[in-house]
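Have a look at the structure below before the remarks.
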């Protein structure tokens with residue numbers, strides 16, 4: 001008995017020691033990763049004015065170099081500090097990025113171009129999805145890359161329809177090219193949401209026996225996810241605005257209202273995950289609603305804090321993702337499966353890259369022409385240079401594609417099927433090549449296509465400004481030249497049909513918002529001044545608020561904003 005007790009105690013000591021070693025290894029990995037994040041920020045700052053490099057590429061290259069060093073240090077056993085987990089990406093890294101996108105968006109520009117954004121982000125993504133899926137089905141079956149079924153080919157279409165326009169957005173100036181920036185930005189968010197919704201819909205259906213009933217159910221499920229996710233985000237945003245407006249947290253503690261805003265934003269994302277909805281759409285629209293109502297119901301110090309807190313979290317998450325993608329690209333386990341047929345892997349990657357190029361062009365140029373029919377003035381239309389910029393902005397693939405590929409073709413980050421391994425390595429190759437090559441060419445290309453913006457206008461609304469501060473030059477839409485140039489096109493039947501409803505909806509929404517929504521949920525100018533409350537006297541807002549704006553009617557807007 002004594003010997004058995006000694007053996008048991010010895011084994012428990014060994015287990016405890018192994019746990020300590022494992023914990024220490026995790027601590028070392030975390031230290032190295034945090035140091036790499038700091039290095040990415042410092043190097044990105046030093047290369048801020050570089051013509052070819054941006055922060056995304058910097059993080060990716062540093063991740064690749066780190067992966068090579070780890071690969072050599074471990075003698076080919078590993079190339080990364082952590083195993084890639086799609087749950088880590090979707091639950092912790094993606095929410096702050098998407099929420100900040102909605103929170104910082106210029107709502108006037110976004111909703112002014114909502115029809116074009118939906119055309120590109122939703123319908124364009126569906127077109128790209130069909131082309132990539134059909135192309136993969138046609139070519140890969142001939143190449144005999146492995147046992148892929150119809151669901152896998154449709155998943156490939158969804159995976160490579162997800163764009164990453166971060167590099168282009170880092171180059172475009174939101175004030176100099178407001179139309180182009182809002183289209184690229186808005187399409188990127190709607191595109192990611194559409195791709196994820198498509199991917200989830202594909203996984204929820206048995207596509208082995210395709211028929212008309214399955215197709216109708218698939219379309220119905222897609223529309224349900226899209227609409228329900230949007231409504232959920234709006235409801236959570238309104239709830240946060242109502243709670244903060246009624247309870248006046250700022251009277252006692254600004255920390256509470258900041259914490260509540262952050263937690264409500266994350267709550268919207270997790271609530272969508274709970275109900276199997278599209279969390280990307282939910283948290284994006286929650287960000288828009290919170291910037292429109294909630295942000296104006298908190299104290300001035302809380303406004304500054306939340307604006308910078310959300311932006312910082314988004315920035316760190318983006319750097320984290322690109323850094324990790326760079327390290328994970330050299331995972332030896334996945335490349336071991338394709339080492340016997342490198343030509344096949346290169347062929348698959350080339351085909352996928354070609355399908356991405358074709359799928360992107362198949363909707364950008366036709367839908368741009370259709371969008372131009374809805375515009376009244378020539379400066380609102382997309383010329384060829386702008387269309388090429390939009391096409392180029394969507395050629396890069398990033399972390400969303402990586403996460404969806406891991407979800408479809410791996411189990412807990414590992415794969416043991418040759419076909420799945422080829423798809424993972426091909427996805428890595430497409431992400432790296434498109435981000436590095438297209439990303440490095442973005443600045444020079446935009447410099448050639450858009451050397452000097454013809455219009456530096458920024459159409460803002462008379463609604464409260466977004467949390468993003470900016471300066472806007474004097475602007476009027478009464479340009480006689482532009483009016484005469486576009487008069488013949490603006491009166492076409494299709495143009496009038498598509499344009500008038502949008503202006504009518506916006507007009508009635510503004511009236512409804514002013515009469516019913518803002519008095520209930522808050523917003524600058526509609527929350528009564530109460531001593532000690534988080535709101536300011538409406539007559540003194542220009543003294544305490546950072547942005548200042550004045551507006552006349554929707555069709556002739558003159559806006560000036562300054563930072564005090």
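From the backbone N, Cα and C atoms, a Cβ is placed for every residue, glycine too.
TrEMBL assigns the feature region 'Disordered' to residues 469-490, out of the candidate ranges 469-490, 491-512, 513-534. Long-range contacts of the transmembrane segment (265-290) within the same chain, counting only residues at least 6 positions beyond its ends with a Cβ under 8 Å from a Cβ of the stretch, are 90-91, 94-95, 98-105, 107, 110, 189, 192-193, 196-197, 200, 225-226, 228-230, 232-234, 236-238, 240-241, 310.
Only sequence-distant pairs (6 or more apart) were considered; of these, fewer than three Cβ pairs between the transmembrane segment (421-441) and the transmembrane segment (179-202) are under 8 A, so the stretches are not in contact. Each of 27-47, 88-105, 153-172, 310-330 was scored by its Cβ pairs under 8 Å to the transmembrane segment (390-409), and the highest score goes to 153-172. Between the transmembrane segment (179-202) and the transmembrane segment (27-47) there are fewer than 3 Cβ pairs closer than 8 Å, counting only pairs 6 or more residues apart in sequence, which means the two stretches are not in contact. Nonlocal intrachain contacts for the transmembrane segment (310-330), taken as residues 6+ away from its ends with a CB within less than 8 angstroms of a stretch CB, comprise 33, 36-37, 40-41, 44, 55-56, 59-68, 70-71, 79-82, 84, 89, 92-94, 96-97, 99-101, 103-104, 166, 262, 265, 398-399, 402, 428, 431-432, 435, 467.
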